[in-house]
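Accompanying notes for the structure given below.
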Amino acid sequence: MSTHDDEHGSGTDPRYQPPQQYGQPPQYGSGGQQGQPYGGQQYHPSPYGQGQPQAQPHGQAGYPQYGQPGGYGSYPPQGQYGQYGGQYGPYGQTAVPARPAPVVVAAVLGFVFSAFGALMTVGLLLGGALLGTVLEDVVASDPTLSDVDPSELGEVTDFALLFGVGFGVLALLWTALMIWGSVRALTGRSRVLLLVGGGIAVALTGLLLLAVLSGVSTGEVGGGELVFSLLLFLAALAIVVLLCLRPAAQFYAAHRARRAAR
């Protein structure tokens, strides 16, 4: 082999590629085998500028194309958004509704009437028990009543005792109804008991007002008794009216919904 043959052979062999220097860009268009990355795919420069490779190197993941969801910043599924409403829902249901003013006023009036009922109960029970003794003392001390039959006096005493005990028990039951109804009305459990107790109070105070009016017409009762009986009647009527107002109805409806959600 001559030196001339070596020089021609080294220049005509297409497989021979000189090593590229570090930092030099690949030579484009110099041959079909030059500029190919690993894997045999050719690199074509983008017409819009550099930095947009058309083929990815072997074993490396490329950037997501336009219009395709990427791995980062993607929106969660729609079902996850719908879960937030169910998480915040129980807080609104378990919240305790505020007591409206009509409910508070009606409950306070109920406690006031229960105090009157307690006094009435004690008076009836003591009056029924002591009436017989009082009548016996009156008959014994009054000479004009000496001809009264003791058996008749005993019947009157027994009737007074039964009357006092019977109406005393009824007054005690009504007092308990007003107390328990006022408590349940304040706590939002129910307004029915206080409505029933208020209705009974309206009936009793109405009868008292009619009796006082008849006494005023005859001159036996003064103006003070009339004003007092009128105030009692209006207070009893206010219990029923206040519990039937819209704020009170919404208050008890909210409590019913809260108990049903438990």
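Along the chain as shown, residues are numbered 1 onward.
Each residue, glycine too, has its Cβ placed from N, Cα and C.
Database features, via TrEMBL:
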- 1-10: compositional bias 'Basic and acidic residues' (COMPBIAS)
- 1-79: region 'Disordered' (REGION)
- 18-28: compositional bias 'Low complexity' (COMPBIAS)
- 29-38: compositional bias 'Gly residues' (COMPBIAS)
- 39-67: compositional bias 'Low complexity' (COMPBIAS)
- 103-126: transmembrane segment (TRANSMEM)
- 159-180: transmembrane segment (TRANSMEM)
- 192-214: transmembrane segment (TRANSMEM)
- 226-249: transmembrane segment (TRANSMEM)
Beyond the flanks of the transmembrane segment (159-180) by 6 or more, those residues with Cβ under 8 Å of it: 110-111, 113-114, 117-118, 120-129, 131-132, 135, 193-194, 196-197, 200-201
Below 8 angstroms Cβ to Cβ, which residues of this chain, lying six or more residues outside the transmembrane segment (192-214), approach it? 106-107, 109-110, 113, 174, 177-178, 180-182, 184-185, 221, 225-226, 229-230, 232-233, 235-237, 239-240, 243-244
